[in-house]
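Enquirer: Per TrEMBL, the features are:
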TRANSMEM  A:20-39  transmembrane segment
TRANSMEM  A:46-64  transmembrane segment
TRANSMEM  A:76-99  transmembrane segment
TRANSMEM  A:120-140  transmembrane segment
TRANSMEM  A:196-218  transmembrane segment
DOMAIN    A:491-562  domain 'Transglutaminase-like'
TRANSMEM  A:653-671  transmembrane segment
Amino acid sequence: MPTSAAISRVRLSQDELQQLKWLLGQLLALIAMWSLWSLNSIPSGLILIFILGIGAVTLFPHLIGRIPDWVNKAATPALILIIAVDFILHGANFLDPMVRMVGFLTLYRSLQFRKRREDLQLLLLTLFTLIIVGVLLVSISFAVQMLIFTPIAMGQLFLVNLLEQANERILAADDWRAFSWRRFFIRLRVGLDFRLIAFAGVLFAIVVAISTVIFISLPRIKMDQAIPFLKMQANAGIGFSDTISYGTVNELLSGDDRVALQVVVSEPDKIPTRPYWRMVVLDLYEPASSTFRVSTAARQFANTRLQEGYRYVNQENPQRYLGGHTVDEMKFYLEGNVSGYLPLIGPFESISFPQRMKFFAGEEFNVFELDAPSATTLGYSLSNVALGESLQTSRREERALNAIFGAPILIEEYSASIRDLSYPETTLIVPVEGEDLEFLQAAVKEITNDQKLSAQEFSRRAFAWLSENYRYALSTGLPDSERSDHLIHWMRNANTGWCEHFSGAFIMLARTAGFPARAVAGFAGASWNDYEDFFVVRNRMAHAWVEIYDGNGRWLRADPTPSTSHLFGNMDSGLQGAMLTESGWGAWLDSVRMVWYRRVINFDQQDQEEIANNLRDISVSAFKEFRMQFTTKWKSFKSWLTEGWNVAKVRDVAVIVALVCFSILALRMFYQAFMTWRSARTHEGVRAVNDPIRRKAGRVLTRFRPAYVNAQQELRGEALKPWQSIYEDLLKLRFGDNPSTGSWKNTLKAARRLMRAGVKTVDRGEGALETAES
Amino acid sequence: MSRPPPESATEPTPPPEYNVTDWADAGMHVAKRKVGRSIWRFLWMFIVPPEGHRIAVTPAGFVHMMVCVGLMSAAYASSSNNILFMALSLVLSTLILSGLLSWMNFRGGRWRVLLPAHFRVEEPAPITVELWNTKRVLPTCCLWVKVRSSKQKDWERLYLEERLDPDQQAKLEWLFTPRERGVEEVQISGLESQFPFGFLRKTMGAGVTRTIVVTPRRIDYEFRSPVGHRGHQLGAFTRRPGAGAELMNIRRYQRGDPQRVVHWKATARLRQLMVRQMEEENRDGFIVFVETPASIWQEAAQFEKLCSFAASLAEDLFREGRLVGVAINDQPLLVVKRLHDLQLFLEMLARATPTSSYQSAGEHYGGNLITFKPGAKQQVHAYLSGNLSGSA
């Protein structure tokens, strides 16, 4: 009977477990506040005060006792009032009041001594906060917070459950008065067994592993009618809406190093060193507001309409684009609040989204616009993407462009408003008059020398003219002007500017020369992240360039901005080998974020199928490999056997057999020695179970017992005595005090002998004994 | 070929009993059997729990499930939002871990019930549940068993408040105070636990139900033997084993019998140890005779008092060595020689009810016969040979 003494390890008292539970609760509250910090629903200053308050009462729990009773009593109605007023005032945007409510409740619960129910409430509030913030921001911090939250929450639940059974009492202020965390942690350290910590670690690893398996296995169903669940309102970043005003994007260019776009390409070698990520095409220039915009006429011409779905396939035959390089697949991860227009490197065959999206597919201009900009990182993938310097027009657009190609449309000759222009007239209108027009015409004359030039030649000469007259800088050097038309004012008076000015000037010159031209906004350039093999595009790579029509059904890309290698990397050096490669901690963190978006956030049914196929392929190939190797070995073994035998071969076989036997014996001895060693090390009760002799006797006893019962029925008198005596000896060996004393081997042997002899050969009476003993 | 020994000597000595078999387990203990079968049994257990296993959802578990359902609905409704799927998988894995830990906690847990031999009304009797953690490495904690008598509505929980280390035992004690005379059942549930996170309340094992007999309450009474009474006149009832000089019987040797009482001749003849059994010296003795016709005992409280009075009187007389026999109604006379006989009588009193099928004889003869009759004001009187001798 096990009666050994209890293990003498310090056990935490009920009060100490209560203190630990309280600490875990406070940690949960702090995690919730950390999570809320990332949202704008509660001002950062207020969150900081919350965190400081929670931290203070965590360090000095007796402070809670100093909160006057009337405050505690008034807290609940006050909270209800505040939350109700908040909902009434800001009910239209339901999300913010809800987040604030959760924040206030978390704070309230963390500033009191909690009962079981309140502990569970705090846990639930924290989980709720993490999920809301996670869904809203889709940030990798969600994963980090969940990984911290999970073990703390499990510990909290465990303690709540443990203390519930032990007639829990709540610690009051008096219990905390002489409390010291230092003493507590020392005691915790003494009380904690390293095996317990290791066990907890293993359990946590199991949880992570199980949840990974569940996450991968949960079926992803793409529903036709997805309900928008907790979406934040987003705004497009500067420069990427359908209206671009002059002088606004230099904030981005002057060093906004945040990531705007990450791109994974199936064949990265094909991507040029300075890729142009085309987002929005702006055809109309309004001098009155100095803005380039997408004209209504262009929208009507493109005939885009709002669509919804997970995928869009270009209706036009994509083959018309696919003359040059093509890439099989590109995956884009566009950061939140950048733009509703998706960056595209060229025409593509199809685009797909992980979620159901609403969009305008501007196939005519190869522009893809979402219904609203995404507040969180948006992933989408393109298939069969064409890479090229030019864009083929549709036949319809070609006809329209050819009809007006060659002669500018001057605003002074145009009787109606500029907004009444049709497309593609909007790409040819020169919206200036008087001295400004004369200035442009003089410039064009200087560029062309009154010659009829091709679009390529005009572009080359215009680049040269612009480079001669203007330099690249993020300042124009001009005082703030009252003039509305900043572009012409800049051309006439300044000698420095940035991409907007160069592009705008080029467009004006091209149009004056009779070439339809339009502005394009997006990003130019990229850097290469070596950790996860993807392209990184940052905000400072925002760029504007031009597309000029060549009169032969092609829009040619023209980038009149002078060399900006300090901004875009070494752009003149050819292909990807010369692209700037990012390294260091920043790049590593970018790669981690990339993994997060690529492998986790955008994990979908296709990835599941891929995993399943990979598993199947691996198992099939492993099985084939095994079978092949086995067959080969078996054949070689058979041929070895059937070959002629000689002395050396016999000797080899004998050595192998001897080695095998020796190994088996050695293993057996090692096992027995190990069992004996373990038996000697363990305390009495466990030794009683683990003793090898005892275990052996137990095994024999299991077989002997039915034989003995049979013998009891069949035999009488002296014949039964040896059975009886062996049975009792076996019981003594199995359950007695010291099994190793006495001739245990003889007992086991006798038992086996008796079982072999059995009752079947035994007659009733004395003969039985004789047979058994023989 | 020798003759078989006499029948009495051929009875095999019963094998030594060990208490291992009387431990109940959680139903997960798999005896030595083929590995393949064990694995299938183990896997099957996840689908169909073994008999007696019950699982109830706690409020915390209900909230947990609601969270799961909410997350799943939101995840699918918002078209496979992976953040929600991630939260869902973490929450679900917590549930799986909970099951795993719970299984580990229950595994190797054995228990048995130790009931006291006798129960008496209003006297606390300790009912002990012994727990044994037979695991080799892991402790067991947060267990309890529920106990109640069949006459109680609510269960009482006996908590294992301390952690039970590997191969350790602990005792959980329930002080049970019966409130009524009669037959009751003591019900002990299987092992229960909400370990580790309190989502599910699991019961392992089918539980135990034991029938107990609650003997009548002990009460104060008055009893005096009438002057000149000589009970030994009816010596026929005084034949019981004792230390007297008369040989009463020869019986088989039992452990604890003194060596001097061995009957060597009989031992030699029967080829096993036999001892002499002597008759006790004749002493004064009484017979307690309880009659329970419903026509006499109409008041329930008075009948209870009768039972208590008869039980208390019989017990005191036995203690004084003056009780020779007991009888209830028309049942045969029970000669009281040992404590066991007295206990038998107390149990008969525990089961006694006013009966309409028996009519009192009216008059009783015999110098040592104690009978009972109802008195005024709920009193019960005892009569010895028809004379009032006591009351309660």
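From the backbone N, Cα and C atoms, a Cβ is placed for every residue, glycine too.
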Enquirer: Among A:76-99, A:120-140, A:196-218, which stretch has the most Cβ pairs under 8 Å to the transmembrane segment (A:20-39)?
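Expert: Between the stretches A:76-99, A:120-140, A:196-218, A:120-140 has the largest tally.
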Enquirer: So which residues does the transmembrane segment (A:120-140) touch in its own chain, when a touch means Cβ under 8 Å and the partner is 6 or more beyond its ends?
Expert: 25, 28-29, 31-32, 35-36, 38-39, 95, 98-99, 102-103, 105-106, 109-110, 114, 146, 149, 153, 156-157, 160, 229-232, 336, 375-377, 592-593, 596-597, 601
Enquirer: In the predicted model, what is the mean pLDDT computed over the domain 'Transglutaminase-like' (A:491-562)?
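Expert: For the domain 'Transglutaminase-like' (A:491-562), the model's average pLDDT rounds to 89.
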Enquirer: For the domain 'Transglutaminase-like' (A:491-562), what does DSSP give as the number of helix, strand and coil residues?
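Expert: Summed by class, the stretch gives 20 helix, 31 strand, 21 coil.
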